[in-house]
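Only one structure is covered here, and it is reproduced in the block below.
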Amino acid sequence: MGRLSIENDPFACMTVPPTNETWEQKMARERCEAEAQQVSDEIDQKLRSERAALKKNKKSVKVLLLGQAESGKSTTLKNFQLAYAREAWQEERASWRAVIQLNLIRSVRTVFDAVLQEMSGNTLSCDSDDDEFANPTARSPFQFTEKHQLLRFRLMPLRRVEADLKRRLGAASEEATASLSPMTTPPLEEPDRVASPRPFEVSVRSWKDAFEMHCRSPKTSSIGHSSLESDDATDVIAECREDIKALWEDHIVKQVLKRRKVRVEESAGFFLNDIDRIAVHSYNPTDEDVMRARLRTVGIQEHHMTLDEGESRVSRPEFGRDWIIYDVGGCRTQRAAWVPYFEDVNAIIFLAPVSCFNERLTEDPRVNRLEDTFMLWKSLASSPLLAGVAIVLFMNKCDLLELKIKQGISVKKYMPSYGERENSARQVLKYLRGKFKEMLKQHSPRPRPFYAHATSVVDTKATAVTLTSVRDAILRDHLKEAEFVV
Ligand SMILES: Nc1nc2c(ncn2[C@@H]2O[C@H](COP(=O)(O)OP(=O)(O)OP(=O)(O)O)[C@@H](O)[C@H]2O)c(=O)[nH]1
Ligand SMILES: [Mg+2]
């Protein structure tokens, strides 16, 4: 492209002084130009300082994901990553293969444990919460065959693979056990009883960092073989594919699970129905697989991402704001570590798994899971440290709630306060929403809005919509606060 000259630049010729200009006209024109320049300089200066102020005031938004173990905190975080940190998500997705393989083996083990119990004539536990409990002390009515013994023998290599995967994935791969937690541990320790600073803190940027602390081995370049090369676990699982299928589809095994009320398909990290797709050498996890994968969070994990400013703002990176999302371990022994993070947090997303009305805490089987969630909600609502913090409630696992209601499980039986209301998911949600709202109102040190969403965070499409509205609500609060501070 040629250089612009007066001849070919239409704007330049407009600003060239007229050739017949008098001395007075020249003075007047130069005065006007100087004034215009001054105005322009002032505007530039104002824009520069506004931009600097905006940058200074553009504090990170800090969000804590709270709730009991297996409530869906990490799954919510995964939804944030899928929506707002797509590149990192893509990079990490393959690394979930090892977790999914371990989840799959866990389910095989759960099925086998039930079969072995039945084979060895162990009576059913009378401690069950279930309704139609058919003669728990009766001898097993099933005729096991050579096929079952053979499957047991042929699936033995999975034990070695399970141990290997656990070693690679570290503490997160083990669920909390009852013995880990003293029976007296409250739902959330009071702040003044917590030693500071950050007593059990394991602060890492991502779940991947957490793994890497444990599982760098000479054979693996990163956890879980992020490349799709084959490894021992993948080979063994692929070799066992037909036997796993035979076990899962076996008529007697199905009846054993039914008799023993082992609802393995409702448990976290269930992949047995996807065995043909997963137990192959070329397996690469899908987004949905990663959402359904179960890996316990240990300590506090810190995740950074840039979220656009939402609503009326133009969705461009320069309008983005840094968000720091803290994902925490939810079992009772981990909760004391949350408190130091309350101090400078902007919002809390609280996960209440509404389907767990008939379940008990793994770490303290005396406690009903929904009861524990209520106690936790009350502790957070009444905490003076959180008085000015927005709490967004996710009534999560609505899909599992629907399933249980369809199976005819009575909510009233486990939650007598539910009374004579209709046993439907819609009514249960309405009732619980009212209960959470009332508790917030009653225990909050000062009035604050109640934000609640009914969610199934394994459903990424629906959750993306929820997260947009949560983002906007949190930003509105955050901006209001920033304006107040300025
Ligand atoms: N069906 C269904 N499963 C869910 C839902 N939310 C979470 N899950 C599954 O439940 C399991 C536990 O979820 P996580 O997100 O790991 O739970 P967490 O709250 O992070 O648990 P901790 O890290 O132990 O505190 C995972 O396998 C999820 O895929 C849901 O809405 N519906
Ligand atoms: Mg977690």
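Note that Cβ sites are derived from N, Cα and C of the backbone, with glycine treated the same way.
In TrEMBL, annotation is done automatically, which means it is predicted and not curated.
As annotated by TrEMBL, Mg(2+) binding site applies to Thr297. What TrEMBL records for Asn396, Lys397, Cys398, Asp399 is GTP binding site. The region 'Disordered' annotation in TrEMBL covers 172-196.
What TrEMBL annotates, mapped onto the structure for a quick look.
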{"residue": "Asn396", "record": "GTP binding site", "Cβ contacts under 8 Å, 6 or more apart": "Gly67, Ser71, Gly72, Thr76, Leu351, Ala352, Pro353, Val354, Thr455, Ser456, Val457"}
{"residue": "Lys397", "record": "GTP binding site", "Cβ contacts under 8 Å, 6 or more apart": "Ser71, Gly72, Pro353, Val354, Ser355, Cys356, Ser456"}
{"residue": "Cys398", "record": "GTP binding site", "Cβ contacts under 8 Å, 6 or more apart": "Val354, Ser355, Ala425, Leu429, Ala454, Thr455, Ser456"}
{"residue": "Asp399", "record": "GTP binding site", "Cβ contacts under 8 Å, 6 or more apart": "Ser355, Ser456, Val458, Asp459"}
Three-state secondary structure of Thr297 (Mg(2+) binding site) from DSSP?
-> coil
Other CB atoms, at most 10 A from the CB of the residue listed as 'Mg(2+) binding site' | 21
Do you know which of the binding-site residues Asn396, Lys397, Cys398 end up with C-beta under 6 Å from ligand 2?
-> none
Setting Asn396, Lys397, Cys398, Asp399 aside, what same-chain residues sit with their Cβ within 8 Å of the center of the Cβ atoms that define the GTP site, listed in sequence order?
-> Gly72, Pro353, Val354, Ser355, Met395, Leu400, Leu401, Ala454, Thr455, Ser456, Val457, Val458
